[in-house]
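Here is the structure we will look at.
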Amino acid sequence: MVRHNNQLPDNIPQLQNLIKRDPESYKEEFLQQYLHYKATLDIFNLAPNKFNKSLDELVIFLTQVSIQDEPMPNSIFIYGHVATGKSLVILHLLKYLQYNFSIVNCIEHINNKHIFEYILNDLIPDPISSPSLTDNIGSLKCDNIVTFITKLQLISKYDNRPIVIVLDKCMHMRDTDNHLLPVFLRLKELSNINVCTIFVSNMVWEKCYTQIGLFEPIKIHCAQYTREEILDILLSYKSQDYSDSIYKNYLNLFLSVFYRFCRDLNELRYMAKINFNKYIEPIKSGLVREDDVSGLWRNISTTLISNLEVIYLRVSTEDFVQHSHVSKEIESTAKLALSFELPFYAKYILIAAYLASYNPSKEDKAIFMKLSSKKKKKISRKKTTTNIQSGPCSFPISRLLAIFCTILDEKVDVNAILLAQIPTMYQLGLLASIDNNNLDEPKLKCCVNYNFVSIIAKTVAHCYPDELKTFPQEIIDTLQKHNTVLDNDMRMTFCKALIQMRNKYLLEPITLLSLFFELLRCQDKALRQFLQTHIITDIKNINAKHKNAKVNTALQNFIFTMLKDTNARAAKMSADVMIELYKKNVWNDVKTVNIISTGCFSKITKVVVTSLKFFLGNDEENEDNESSDSDDEPNIKEVMMANKVNKKTKKREKMLKKAKQLLVKSKKKKMKAPQFNFSALHLIHDPQGFAEKLFKQLEKNNDRFEIKLMTLDVISRLIGLHNLFLFNFYPYLQRFLQPHQREVTKLLQFVAQASHELVPPDVLEPVLKTLVNNFVTERNSGDVIAIGLNAVREICSRCPLVMNADLLKDLAQYKHYRERSVMMAASSLITVYRQTMPNLLHKKYRGRPTEATINLDTLKYGEVAANDFVPGAEVLLNNNCNDTLEIDSENSEDEDQWIDVQDNNEEINEEDWVTDDETDVSSDDHSTDDENNIEDKEQKQKDCKKEVDIENKKEHELSEEGVKTNKSRLKTREKKRDKKLRRRKQKEERKAKVKVQKREELTAEKKVQASLVSVERLLSDEDFKRIDMALVKQQIMPAKFGVKRPHSSDENRGELVKLGDIENIHKKRRHDKEARLETVKKSQEGREKFGYKDGRQNPLCSKTNREKKKNKNYQMIKHKLTGKVKRSFKDKQIALRNYLLKQKKMK
């Protein structure tokens, strides 16, 4: 192929002139390249009208790069409008020609180094195919132009293919180094290799370079699409459900609006797709025919015109298929507006810029000037006007400042500080500068939409109190009159506007919250949840610093009326609001509880259930979250030791400081006084009347069984807490006490909760007999019997007089039952009566009496044990006594521990001290059967019988030996034996009487001493501590001053009965191996592994050389060991000294 000049023509007309002058050479070249290009298009199935308007323009580009034998030009500059297929055609063509190329997007790279390394990374082939190249070129790090050219030469040496570097969006190279563009323009001359640089831009060449005298590249222009071509391209993306004629009519209407303002194919394709659904709505509904173009235009015209405002506000991309709803766009705009905080005056500048962009300048005087004259009414016919707002248009900065000063409600000096905020808004993309020829008056343009500006305007609305004086009341009146017929979104918008004005203190809380309580009647779930959250938050904020009694009283009275509302939703949510405020300790007073109690008598079932759950859920607070385990507390000694030994760093110092702060915080938390929250049931004004009303409602209504259970639970708790009299309650529960009854354990719990000391035994006795007859019988299973005994125990622990001796004797016999669960339940019942009424038990079940049980008097019904002295105050007479329980802390984990009880009473001798092993006869199942007194008496009787047997045996032997005794002698001996036995019995009775007399005298003496101390002196806190310790000693010390373990269930018995106390049945262990292994493994969870314990705090850190040496092979360390053996005595001394010094530093 013949080329006459090095410089080829720039366009087709010049090429045609050359063909006329020299037809042989140029014609052959033209036809060859044209056929080559046509073959390329056929291979890739590319339609020319989708990427470029004309094939002729790219023929010139093909003539430059498609011949591998000939050298390529230095550089080519391809420019044209967006989305005309420049980059796509270049990419496909270079792939087809199999050139070594790299395509660089100049926007993505921040400096020259980035660009050089990216190009080299694309040009270097696979290391497997050419390992020698990768070895020679080494690292891809490229800091300057010389290194880049050197490595390009190496690549060309090992790869003979032509190199093409494509710089897309090359107009951004103006912001980089000034030497970068000239280098790429003459890269072929600098490197002496077959390389070509292709520049792709949306602007002409004159706008891309910043210097004069640069090497001119070959320019190729990609022409813009005409309207017909755009129509054909958009038609190829039509929906398959509709015909070409319908979609073509739509595109004609669409382009009549958009083609004048936008030629970007991506934007037009996106907007055509999202507006097509609006276009076919009347066709789907049957209102307009398909061929009625005028009717379809009336439906779509307003939508298309409004979409012109947001056409360039989205990010242009080829992946335009996802459909963005208007609500999502508004939501994203709101998030963007709230993601950063503008200065106060910058907000006004942005609002002024928006007004200047979208309002004509001739309307400024009429809109913004307060003293502007009114326009005269013209008699002429009114002209039909479209929308006044148009834009966004450019505006001078003087107009911006004039509008800014007008809308601001204060006088502000326009100084440098104020004007400095405008460049900041350039960087944020809120404003843009427009190029113009007038340098004295720069023009700006607003880049945000209406939604963005409206969000910014809401933050400065409170600065206009005069204008907003009547605005809140107008919205309130609208909502009060038309709340049921308003649109959901409109109603929600009104509420949000009122909340914003409330947050700016433009609205009183009582007015707003009263309205919101009324709006709870609306059938809008989202609105109701939104209003409920705001009501709770607003009331909490009102009472944050101090209780606002005026607002609280008004709102509580309003809620009281709302609970009686006929609308179920409003009444239910009002109750929820009050309960939530009570839980958050905002409204935790008596009035709140009594208002909620009225909800229990509502006609709406949901309100009743909510109120009952409130009284059942706030009785006991969970203290697990407040109590901190000792393992979580910082060990300050370990942290200080680690900081002392390890290397001193700032991080370790901060860790030590933080550990000290945590330690101080935990100590303060332990020393802090506990805060108690009373149950809501304690705050009811009239508990007797409240319980009677609830019981009457329970008998009258026919509610579900679950609601009945909740009501029974509340009534039983009220009776137990306030010692109420409701005698009809017990027969009502009596009929449900059957083993097969649903939720029978809860019913048993209610019976126990409703029992107290003031209930007459005659009232509770039928219930107890029914319970025993139905549960504690041999025909039932062991679990049923155990549950029945547990329920009896809970009832009797609250009302001991309900039990009689015969029934208690029968129930105590179950202690020897074959099943463990029944045996344990019976033992717990016996333990209850040992501490309350031991005389009611049989002798062998009473156990060893303690000082407390000896002095215990059985009270009759209605009798009150009132003392005229402080019990235990007699210990204060002895100044030297130390009534303490000293337990050896070191041996507290041993089983044979000593528990020393020190007292200086003269009656206690050293021989009377007894160890825990000698006296503790209580089993693991909490049954403390201490029967030593009874066993002593039986032992004495057995000794007497043994003596009689021995004497009889001797007599029998004498008779066998033939010694005959007279009958008179036998009678005398029998009389002597009987006399001896009578004397012993009389002696024991005298001793017992003496003991009782001494005990009574001692008790009387103690009472006299206690009353004397209580009258004559004022008791301090230390005195009360000593008295409490003496009373504790009486509980655990038997009559012989031994030690006895108290029953765990007797400590801190709560106000309410726990369901677990009734359902708690002790099962017998399974003795198979799998069950035992399962329990062993479960107990081992969380335990440290057996074996070597690593002393390091961080188990993942590296080990010492001494630890590593233990795992090394002997062949690795034998030379070192032989060297140690051969050391001299002096070397050993030095090594030992260094070791000791090192150990000293570690301490």
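Yeah, the Cβs are placed from backbone N, Cα and C, and that goes for glycine too.
Taken verbatim from TrEMBL:
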COMPBIAS  905-933  compositional bias 'Acidic residues'
COMPBIAS  934-964  compositional bias 'Basic and acidic residues'
COMPBIAS  966-985  compositional bias 'Basic residues'
COMPBIAS  986-998  compositional bias 'Basic and acidic residues'
COMPBIAS  1072-1096  compositional bias 'Basic and acidic residues'
DOMAIN    70-197  domain 'Orc1-like AAA ATPase'
DOMAIN    247-296  domain 'ORC5 lid'
DOMAIN    459-818  domain 'SDA1 N-terminal'
DOMAIN    898-1082  domain 'SDA1 middle'
DOMAIN    1101-1146  domain 'SDA1 C-terminal'
REGION    905-998  region 'Disordered'
REGION    1069-1109  region 'Disordered'
Checklist entry - What counts of helix, strand and coil residues does DSSP assign across the domain 'SDA1 C-terminal' (1101-1146)? => result 35 helix, 0 strand, 11 coil
Item to check | DSSP-derived helix, strand and coil totals, residue by residue, for the domain 'ORC5 lid' (247-296) | outcome: 36 helix, 0 strand, 14 coil
Item to check | Per-state residue totals over the compositional bias 'Basic and acidic residues' (986-998) - DSSP helix, strand, coil | outcome: 13 helix, 0 strand, 0 coil
Checklist entry - Between 0 and 100, where does the mean pLDDT of the domain 'SDA1 middle' (898-1082) sit? => result 61
